[in-house]
């Protein structure tokens, strides 16, 4: 199916071809496509194409702005490059081992929105943060709850995370204190990358999702639960989240994931018409969360309550425009089972049920800990579409 | 004090010299300084200066990124241009009437944060949204509550505002309905414009405020109260705010406002050390809010509970970095008196106490309504430092 050697079980087979930004030595950062454990250096390979300049950029934004017809044409071109043996001699000089480069942030993030679309996660957090009330608030099944996060602190996978400090107040304390968070956590999410902008004052219909969204990245939305719990009323999370959000380096296109779509779980009560569609889907993506190398959770994306197309339709229903480089994330992905929870808050049940990591009891993150999230989907014919990984290690507070 | 004719009571006297982006006819947008009712076209005037290129840009971001020593040097240069009669023949050819140009968004907004720093406003909103509870939540006097807004929908003054649609649910209703907001409102705010970035993982001390913040703009944070009330638990305002935020075209420097500083009202209980300083101040700025031309409110900035330096120190205390073009706003400015309230939610007490506008009873905004906010401060020697205006008219829902 391709003339390129691809290691067994690689996330990046010949049907995937995700795009990212790499830096090789002192050369200018530019666009590459991942295949197996190599990168196709697209700027020189594309030099005879009209759109070749978009691949010589230090971010994917110029490519993303081209829009869906160009995304599709690029995918067809890339598929032919790797499938057709006639291209071998032309392309082989431009294959670079992934191990020889540094992967950078794949795009400049415009606005970053974080949703809250897993019923299991929202229910768990409701039980933990508001133990005396219904776990789901009254609006939760009527609209995909979301809020804006900090775009300027979205960082590339591998960026070390300095333990944040801030105000915390336990219920038993009289007053807040200042210091490093004692409840540093992760959130396993899928992030959607907007390519084509919309117009201020108009909305994006559920059906038009693929005209605006190019693809997905893995997201780890690091969270400081003690800071968040004290600050979040009435205007929502702020410093408990804004210190860092890590994303994976490879943007996997919606077209590559097309065959992994599965129907959305039933929505009851019925949603309002602007959120309704006969074709609401999730991707059959399974995440793997490794804490210092040990697999601790396998959140399933197919159980998410709200589809990404509904998230975008809701985000824009008030006329808010989207821009090239907008990132909106699903919110923490948690499944029904304990070993499918996408945050340590849930896995350790608020810190009350430690889990064993390499023989040590853990609740929240300690300095030096490393978390790596990988994910992949499998098509009905058995083809694996991997999303790569997002990883980060905790540094002590400054 | 200047060789330029300045109309009586102009907001833009020779000590102000705010910067903005103007477009004259078909020419490329570029940087101008306001003086009286004219603009100094800075790109040609600065052509012999090292930093002249920053004035030929379509946004202030390149200038803002130069940092405080360059901001101060530019101010000294501009003050000399307008004060020293020797410059008259060199500069006069580059004076353009403000009436002959279009003012654009003055800078590309990176991240937008909205605070909630007026005790009068937070108390009023608490009484209206949570009538059965204490108006101020327990965290309010310990930290400047804030949240992220949508940077991509910050628009230039004069941009028409399409009435947003979305989900609303009155307490008596069984389920939410979809439609145009019935409670379209304003929020009168002061916005702070970041020039110099900070480093991820480190914080900006209260004392370092002026190293990072260049100046201020007027902000009207349009709000749909019915959408907001239904959506805002537990993650805060989202679509109730994200459809549009209007800002004034002229960025007034902190240095121009220096002489208008007044001590901050007392803070009790004492704040944590990272928010403390012996020199906490507000600006003695008074806003004027005109609804279809009629003056309806005069919010006083000097009564704000939290200082802007505390807002920035808090925003970054967790290590979140700031970038050139970040905008953080004060939150609604409301004074103690009814005619000093900075939102129609408060002025009409949740819609229950209509106010008379040009002989008509009003609570929230109707299609075709126009709101114009102006503001100015006065120095102890009687010099007026104006902020110009931010205006917008409501278009019917799409």
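Backbone N, Cα and C atoms are what each Cβ position is placed from, and that goes for glycine too.
Quick look at what TrEMBL lists:
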type	residues	note
DOMAIN	B:16-106	domain 'Fumarylacetoacetase N-terminal'
DOMAIN	B:113-393	domain 'Fumarylacetoacetase-like C-terminal'
BINDING	B:114, B:187, B:189, B:221	Ca(2+) binding site
BINDING	B:116, B:130, B:228, B:232, B:332	substrate binding site
ACT_SITE	B:121	active site, proton acceptor
BINDING	B:221, B:241, B:245	Mg(2+) binding site
Among B:116, B:187, B:221, which are recorded as binding-site residues, the nearest neighbour of residue B:245 (Mg(2+) binding site) by Cα:
B:221
Between residue B:241 (Mg(2+) binding site) and residue B:232 (substrate binding site), the C-alpha gap once rounded to whole angstrom
11
Cβ atoms near residue B:114 (Ca(2+) binding site) (within 10 Å, other residues, all chains)
28
My list of binding-site residues is B:116, B:187, B:189, B:221, B:232, B:241; which of them have a Cβ under 8 Å from any chain A Cβ, in sequence order?
B:116, B:232
Same chain, 6+ residues apart, C-beta under 8 Å of the C-beta of residue B:228 (substrate binding site), given in sequence order:
B:237, B:239, B:240, B:241
Long-range Cβ environment of residue B:232 (substrate binding site), under 8 Å and at least 6 residues apart:
B:238, B:240
If you measure the residue listed as 'active site, proton acceptor' to residue B:332 (substrate binding site) at Cα, how many Å is it?
6
Beyond the site residues B:221, B:241, B:245: chain residues whose C-beta lies within 8 Å of the centroid, for Mg(2+):
B:114, B:149, B:150, B:153, B:187, B:219, B:220, B:222, B:223, B:242, B:244, B:329
Three-class DSSP assignment, residue B:189 (Ca(2+) binding site), comes back as strand
Under a three-state reading of DSSP, tell me whether residue B:130 (substrate binding site) is helix, strand or coil.
coil
For residue B:332 (substrate binding site), the same-chain residues 6+ apart in sequence with C-beta under 8 angstroms from its C-beta are B:116, B:118, B:121, B:187, B:188, B:189, B:221, B:299, B:342, B:343, B:346
For the domain 'Fumarylacetoacetase-like C-terminal' (B:113-393), the mean pLDDT of the predicted model
97
List the Cα distance (Å, whole number) between residue B:130 (substrate binding site) and residue B:114 (Ca(2+) binding site).
21
Could you tally the C-beta atoms, other than its own, that fall within 10 angstroms of the C-beta of residue B:245 (Mg(2+) binding site)?
27
Name them in sequence order: residues not among B:114, B:187, B:189, B:221 whose Cβ is within 8 Å of the mean position of the Cβ atoms defining the Ca(2+) site.
B:149, B:188, B:219, B:220, B:223, B:241, B:245, B:329, B:330, B:331, B:332
Among B:187, B:189, the binding-site residues in question, whose Cβ has the most other Cβ atoms within 10 Å in this structure?
B:189
Which residue, of the recorded positions B:116, B:121, has its CB surrounded by the fewest other CB atoms within 10 A?
B:116
